[in-house]
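*Asks:* The structure that follows is given in the form of structure tokens.
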Amino acid sequence: MSNYRRGVGSYSRMLGGGTNPFAAYTARKAKTKKRVLDKYEIIGYIAAGTYGRVYKARSKDPGDTNQYAIKKFKADKEGEMVHYAGISQSACREVALCAELDNRNITKLVETILEDTCIYMVFEYAEHDLLQIIHYHSHPERKPIPEYTLKSILWQLLNGVSYLHQNWVLHRDLKPANTMVTSDGVLKIGDLGLARLFSNPLQSLYSGDKVVVTIWYRAPELLLGARHYSPAVDLWAVGCIFAELLALRPIFKGEEAKMDNKTNVPFQRNQMQKIIEILGSPQEDDWPSLSKFPEYESLKQMKTFPPNLEAWYQSIGGTNQKGFQLLSRLLEYDPAKRLTANDALLHPYFTEAPKVSQNVFERQEYKYPPRRISCEDSDIKTMTYQGTKRGSQGGDNLHPRKKQK
């Protein structure tokens, strides 16, 4: 034991750490560690969500001309006080998955920076997203998205989803706002905070999740209370996005019934109503497991409708029959019959003219406006440490402070 103590003492003195043999090492690491603002210049604020905030930035390295999106995860708050209970489950999941995924149609994680009590994920920057593109084509007047653009967007989206599923990842939150497009016309699936590996037994949609997927893109099996689910939930969302690109508005725009608490999940009657008004009421002949869902009795109490998807397709000006066939296969009620991402990529819709392109903007005669960036954001002017109130100044400030007059 005495030899052990002498050895530890010698090691400690060698490191200059006194009683803590790793103190000097920790101090050296702290001195050499680059902070976010040491490496990046913040251009402006992009958006906020339940996870935190996203900023547009450029590298301070003169040899790096790229732009980046920096995602800052916020701390848990309780009233006016801020408590740091560690990194959230969503952040851990997104960091772990993004570090492993490598595909042209998945947003690339450049690096992760852990600084004081904040975690920052630095992603490649995309100038556009599908929500912005849809808005451009629907305001102030309706301008349909050209078929070659729409087809290329859909193909690249399916290609990214196929890659996720081949690597046993469910995205679970696909929607236009989470689907980016670079200035070079490359679609990027982003926001993997709700993604799950599906090689393990899956939990219910709400188990362990603070965030609930936007119901407009939620598959019917989830609305009916499915406890376990498959990659087919992502393909339903792709079908909804396809329809929205065609119509320039959500196909199933229901009103969400709010949860009273985490264990009492209400039946989303209005959302289900929007679906059956277009697809018709689901039947056990077409969906054998229908009666096994927890909300089956609630479904039986709803008014019945005949199938109306073809009429809806014609009402929005849809004329391509192969496009309609693909849409109807993505919006199958029975998840077992829904197309997989791989099968969808091989659909005849993509083999007929106009052919898909790796640049969704190819052949376009106009340019979409750049993403709106705000230089005013109260959060980036504040710093919070444990036991302090919001608004105190400190090193968490992502935006250079304005000079005091």
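Sequential numbering from 1, following the chain as shown.
Including glycine, each Cβ sits where the backbone N, Cα and C put it.
For reference, Swiss-Prot lists these features for the protein:
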DOMAIN    40-350  domain 'Protein kinase'
BINDING   I46, A47, A48, G49, T50, Y51, G52, R53, V54, K71  ATP binding site
ACT_SITE  D173  active site, proton acceptor
REGION    377-405  region 'Disordered'
COMPBIAS  381-391  compositional bias 'Polar residues'
*Asks:* Within its own chain, what residues at least 6 apart in sequence put their Cβ under 8 Å from the Cβ of V54 (ATP binding site), listed in sequence order?
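*Replies:* For V54 (ATP binding site), the qualifying residues are Y45, I46, A47, A48, A69, I70, K71, K72.
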*Asks:* Have a look at the recorded positions (I46, A48, G52, D173) and report the one with the fewest Cβ neighbours inside 10 Å.
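*Replies:* Counting other Cβ atoms within 10 Å of each of the recorded positions I46, A48, G52, D173, the minimum falls on A48.
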*Asks:* If you measure D173 (active site, proton acceptor) to G52 (ATP binding site) at Cα, how many Å is it?
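*Replies:* Answer for this pair: 17 Å between alpha carbons.
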*Asks:* Helix, strand or coil by DSSP: which one applies to I46 (ATP binding site)?
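*Replies:* Note: I46 (ATP binding site) is in a strand by DSSP.
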*Asks:* I'd like to know the mean pLDDT over the domain 'Protein kinase' (40-350).
*Replies:* 91
